[in-house]
Amino acid sequence: MFKGALFDLDGVIADTAVFHFAAWRNLIKKYFNADLPDELEEKTKGVSREDSLRVILDYLQISVPADAFARLAEEKNEAYVAALEVLTPDYILPGIADFIQTLQENGVKLALASASKNGPLILEKLGLSEAFDAIADPANVANGKPAPDIFLAAAQGLGLAPADCIGVEDAVAGVTAINASGAYSVAVGGDELNHAKLRFKSTADLDFTKIKTAFGKID
Ligand code: BG6
Ligand code: MG
């Protein structure tokens, strides 16, 4: 049985993915009068603020000097944080509160493994800060997802080996990061996440017993 659960935040615990991409869309419209296609959203999921901006500027084939790049990232974050004002526990994704409770009842420790520097603020607004035994700080890891660093830091924060943990993700880069860390990847989402060891269509479908059984079958 696993002893720890390493959670992504945006799109797994909180319904915030839409706020991230809306903030990018508004910013890009304002400064470059360009529209971002829906398909670009997956490429900005799970990756850091700066890597998201790189993905977007590459798509637009625009290059900007370092100071302008930093200002764009900062302005996106200001808009994103302003949008988070509306956040309440209602923004916890379906099934997550029950899933967290079941994990706790089974003695599983919880850690946050999010690329977001706004993780602690969001957990606070959702009323979930107390549920987490550790929060890995993305500012303190060398490499963002798809590198394993944030999941390794989250497992370490719980005092556990990654092999004794599951990781829960909704992004392609995030599932790759869990696999590279040695934790057992559980995905919520579509076929693009088929590199996960176990996949559920949505957070509402997360099933503790199924995960426990599948984890128990690893050799
Ligand atoms: C991830 C999101 O959780 O956090 C990404 O999926 C985002 O879209 C990243 O870029 C960084 O978030 P923040 O809040 O630090 O800008
Ligand atoms: Mg996510």
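Using the three backbone atoms N, Cα and C, a Cβ is placed for every residue, glycine included.
If you check TrEMBL, you get these features:
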type	residues	note
ACT_SITE	ASP8	active site, nucleophile
BINDING	ASP8, LEU9, ASP10, TRP24, SER52, LYS76, SER114, ALA115, SER116, LYS117, ASN118, LYS145	substrate binding site
BINDING	ASP8, ASP10, GLU169, ASP170	Mg(2+) binding site
ACT_SITE	ASP10	active site, proton donor/acceptor
Next item on the list: Starting from the Cβ centroid of ASP8, ASP10, GLU169, ASP170, which together make up the recorded Mg(2+) site, report each further residue of the same chain whose Cβ lies within 8 Å of that point, ordered by sequence.
Entry: PHE7, LEU9, GLY11, VAL12, ALA17, LYS45, GLY46, SER114, VAL168, ALA171, GLY174, VAL188
Next item on the list: Compute the C-alpha separation of GLU169 (Mg(2+) binding site) from SER114 (substrate binding site), stating it in Å without decimals.
Entry: 10
Notebook entry, point to check: So how many other Cβ atoms are close to SER52 (substrate binding site), meaning within 10 Å of its Cβ?
Noted result: 24
Checklist line | Under 8 Å by Cβ from ASP8 (active site, nucleophile), same chain, sequence gap 6 or more | finding: GLY46, ALA113, SER114, GLY167, VAL168, GLU169, ASP170, ALA171, GLY174
Next item on the list: Among all chains shown, work out which of the binding-site residues ASP10, GLU169 has the most CB atoms within 10 A of its CB.
Entry: GLU169
Checklist line | Sequence-ordered binding-site residues from SER52, SER114, SER116, GLU169, ASP170 with Cβ under 6 Å of an atom of ligand 1 | finding: SER52, SER114, SER116
Margin query: For a Cβ distance below 6 Å to any atom of ligand 2, name the recorded positions from ASP8, ASP10, SER52, SER116, ASN118 that qualify, or say none.
Written below: ASP8, ASP10
Check: What is the number of other Cβ atoms found within 10 Å of the Cβ of ASN118 (substrate binding site)?
Finding: 21
Check: Where does SER52 (substrate binding site) sit in DSSP terms: helix, strand, or coil?
Finding: helix
Check: In this structure, which of the binding-site residues SER114, SER116 has the fewest other Cβ atoms within 10 Å of its Cβ?
Finding: SER116
Item checked: Other CB atoms, at most 10 A from the CB of ASP170 (Mg(2+) binding site) -> 24
